[in-house]
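Enquirer: Look at TrEMBL and you will find 123-142, 148-165, 172-192, 198-217, 229-249, 269-293, 333-355, 361-381 tagged as transmembrane segment. Sequence annotations record features per position, and here TrEMBL assigns region 'Disordered' to 401-459. Residues or ranges marked as compositional bias 'Low complexity' by TrEMBL: 401-446.
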Amino acid sequence: MASSPPNSPPFGKGYFSAPFERFIRDENSEQFPGALTLLDTVETYFDSHVDLIQRKLQKHSDRLIMKADLKLKDLRIKDLSSPVLAENLDREFKRFKLKLSTRVTSLSASWQSSKVVRTRDKVSFFFGVMTLLFSALIVGMAPQWVHVAYTIIGSYLLPLRVYIYKKRDWHYFLFDLCYYVNVLNFLFFWVFPSSPTLFVACYLLSHGSVASAVITWRNSLVFHDRDKVTTLFIHIYPPFSFTVIRHFYPNAELRFPALAAVPQLRPLHALLLSGGICKPSFRLFFSIIFVYVDRRAKIQSGQRTTSLSYLLNDKRGAIGRALSAIPPERREASFMGGQFVYALLTEMPAVFLLYDSPAWSAGFLLFIFSVTVWNGGAFYIEVFGRKFERELEALRKEIAASAARSTPTTPDSDVPPLTLDLQLEAPSSPTLSDSSKSDSDAQQSPNSQPQGISEKKDS
């Protein structure tokens with residue numbers, strides 16, 4: 001029986017290494033009528049993707065080779081041997097590590113400091129707003145507690161200001177008239193409520209020099225700033241408390257017998273008590289202690305600052321220009337004389353209008369408070385607006401510098417781009433908010449002027 005030839009395989013030996021058009025067809029291929037179409041589709045798909053991947057890899061490889069060549073050219077230093085090149089690179093690397101470490105430390109310290117300042121500003125804002133709301137509620141619900149609230153809040157804010165100002169060598173400002181009047185008010189409330197003389201003096205000084213200082217020294221209602229809130233309290237609460245005691249306190253004569261003895265103010269007598277006796281006595285004490293004794297040397301050298309020295313250095317203000325035109329030996333006397341005239345003028349409304357009229361008194365307080373609100377709005381809009389503008393400008397410069405660093409350096413450059421990158425100065429750490437105190441108490445230098453010093457008054 002004749003043997004039949006063996007069946008040949010349906011595919012040639014080279015079907016994986018050659019295209020399908022080289023596929024060897026034989027008589028048995030008709031057994032797979034759809035095989036050619038399916039395999040051709042599969043190979044076409046994979047072949048195109050493999051080719052695409054190869055092109056991408058080749059392109060990436062060419063780019064890496066080109067960058068490596070550029071780096072080699074940039075790092076090539078003329079007329080330097082290999083040990084010198086290694087030494088330069090090591091020095092640049094150490095410089096980079098030091099700069100990076102300094103940058104991280106600075107950012108960490110700034111972040112922690114900013115967190116503390118933001119928390120303090122939030123606390124100040126909270127208590128400032130709540131004090132305002134509490135004052136409005138208490139005058140309507142229990143006006144007999146206004147002077148108590150004044151004493152409690154003052155017992156916290158005034159010692160705190162003494163501590164802060166003493167710590168920063170600003171404590172000579174504590175001898176201004178506003179603090180003197182607040183102490184007199186507390187003495188009247190709790191020690192001498194039956195003294196008509198002290199009552200008249202406190203009433204006129206609170207509604208005169210202290211209240212008008214809100215306008216003269218541009219006090220502003222800035223809740224997040226503890227120093228501005230304290231200054232506003234020192235100037236607003238005295239006239240507020242005495243207005244309530246005079247016009248809205250029920251049966252005030254029982255708690256403060258001095259009111260029964262002063263149903264009406266005698267203008268000459270009242271002005272003599274407040275402006276002619278109390279204020280000159282305070283000015284005389286101030287002059288003896290700070291002008292004519294050993295403190296004079298510290299003030300003249302700039303180690304300490306008072307209201308008088310501040311006004312003398314303020315060449316833009318009308319008072320500063322007027323005092324600068326006076327001979328030095330007469331400036332103290334001229335300043336005290338001007339303050340005496342100022343006190344008499346500002347006490348006129350209290351003598352002729354406010355003492356007898358609840359409506360005029362309420363309007364006066366509303367006017368004074370509206371000035372502080374306006375100044376506070378100007379502070380938020382103008383100061384924070386300028387600060388935001390500076391931050392935008394700094395950001396623009398930083399982006400421009402970053403774009404300049406990212407621009408590739410030509411191979412013919414004399415200075416290696418690595419050296420340029422390492423020599424860039426780190427941007428300055430973020431600064432605070434005039435939230436702070438315009439404001440940050442923790443960041444003031446010891447011998448600098450108090451922030452918002454225009455609000456520190458010497459009425």
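Glycine is no exception: its Cβ is also placed from the backbone N, Cα and C atoms.
Provide an account of the burial state, proximal residues and distances for the features listed.
Expert: If you look at the transmembrane segment (148-165), the same-chain residues 6 or more away from its ends with a CB under 8 A from one of its CBs are 131, 134-135, 138, 171, 173-174, 179, 182, 185-186, 189-190, 227, 230, 233-234, 237-238, 240-241, 441, 450.
Taking Cβ pairs closer than 8 Å, the transmembrane segment (229-249) reaches residues 124, 127-128, 131, 135, 139, 143-144, 146-147, 150, 153-154, 157-158, 160-161, 178-179, 181-182, 185, 202-203, 205-207, 210-211, 213-214, 219-223, 255-256, 259, 354-355, 358, 361-362, 364-365, 368-369, 372, 452, 455-457 in its own chain, all 6 or more past its ends.
Sequence-remote contacts of a segment are chain residues at least 6 beyond its ends whose Cβ falls under 8 Å from one of its Cβ atoms, and for the transmembrane segment (361-381) they are 207, 211, 214-215, 218-223, 228, 232, 236, 239-240, 243, 246-247, 349, 353-354, 434, 438.
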Enquirer: Run the contact check on the transmembrane segment (172-192) against the transmembrane segment (198-217): 3 or more C-beta pairs under 8 Å, excluding pairs closer than 6 in sequence.
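Expert: Between the transmembrane segment (198-217) and the transmembrane segment (172-192), which are separate recorded stretches, there is contact, as judged by 3 or more close Cβ pairs.
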